[in-house]
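According to Swiss-Prot, the protein carries these features:
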- 208: active site, proton donor (ACT_SITE)
- 343: active site, proton acceptor (ACT_SITE)
- 166, 343, 372, 373, 394: (2R)-2-phosphoglycerate binding site (BINDING)
- 245, 291, 318: Mg(2+) binding site (BINDING)
């Protein structure tokens, strides 16, 4: 180990995220002055098996959501453990923090403290190596730009409207490159705004920059998006595919063991009936991906869904897998889902995130790298998506700087990669 790449100083602070809530930011400085900074995101609809975000619980500050304890853990305990360690040895750095925490869910030091440090160390190491982060993590083979899943209509927990599913997304698969895909998405976003205005519907945007109009049903949300795609001059299916994030744990009634769809007149569905409901949507509309179609504990339902649609469309586990190796391997063995959503703060360290991506790839599951509803200007996930050739990224709509920052970083990466950059479009769903 060269003395130069040793960690000299770690400094954390409390900053504000895109929802006005506090979050953790960490700065790491190495002996040679190399510097890395990372800010941690936070979710609205959280899986019950996620790593724990440490919040202060002091109602006098930020309604109990302060993160001064997590900040102190970084500045004192984590700094003590990591000072003098080699920043180039990411696995060791992360393992030292995990050992010091000692819990299964990072509840002692806080996943926000550990993750902020983990990402900042990687950034400082990349700076030291004179490499962009995607190249430092992914080596010379990192060159695939992800197909963006753009969340242009919000419902569920992300919006105050009558739509059950949390996200309705567009995927610009007909584009030649990322830059063109981003433009297509932006044009559809703008034409959706005018379609909604024409129907005298609200065009204010939600947490992730999508519209949250008060539509009468889930199907109506799909229909207005199809209108917007055509109005923008594109063809559904050929140019743009659709994706849903049902976030069904949010409308699952545990006591009745039923799924209650408010937008469908509070109709109750069994797991099998909900699977049929999805199959019907997929047969009618150009839907290529459904995330969290069933509750995170409804493994039987997930099995049904996978048997029925697993060869046709991408079935993404988010709350189901929570970016966790144990959960994912259970899914792989049970033949459940065929894709995993990757959220760095669900697992809470860079090396564990990369291990989950690796395991998914080996099992021929696709990877979707994702933001959270509470974001910052941090663009690490853009680099992780390219570093791992994940093929897909989910980072919100075409408005709000907390979302756009990620897209703009991908534009810069694509430009830097030049002719070696790859954008796979429909081919990204290689396992269907």
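Yeah, the Cβs are placed from backbone N, Cα and C, and that goes for glycine too.
DSSP assigns residue 394 ((2R)-2-phosphoglycerate binding site) to a strand in the three-state reduction.
Among the residues the record lists as binding (2R)-2-phosphoglycerate, namely 166, 343, 372, 373, 394, the two farthest apart have Cα atoms separated by 17 Å. Under the three-state DSSP scheme, residue 245 (Mg(2+) binding site) falls in the strand class. Under the DSSP three-state reduction, residue 318 (Mg(2+) binding site) is assigned to coil, being neither helix nor strand. Taking residue 245 (Mg(2+) binding site) as the reference point, the binding-site residues whose C-alpha atoms are within 10 Å of its C-alpha, out of 166, 372, 373, 394, are 166.
Counting other C-beta atoms within 10 Å of each candidate's C-beta, the binding-site residues 166, 373 are led by 166. If you compare Cα positions, residue 318 (Mg(2+) binding site) sits closest to 343 out of the recorded positions 166, 208, 343, 372, 394. The Cβ centroid of 245, 291, 318 marks the Mg(2+) site; residues of that chain outside this set whose Cβ lies within 8 Å of it are 166, 167, 246, 247, 290, 292, 316, 319, 341, given in sequence order. The Cα of residue 373 ((2R)-2-phosphoglycerate binding site) lies closest to that of 208, out of the recorded positions 208, 291, 343.
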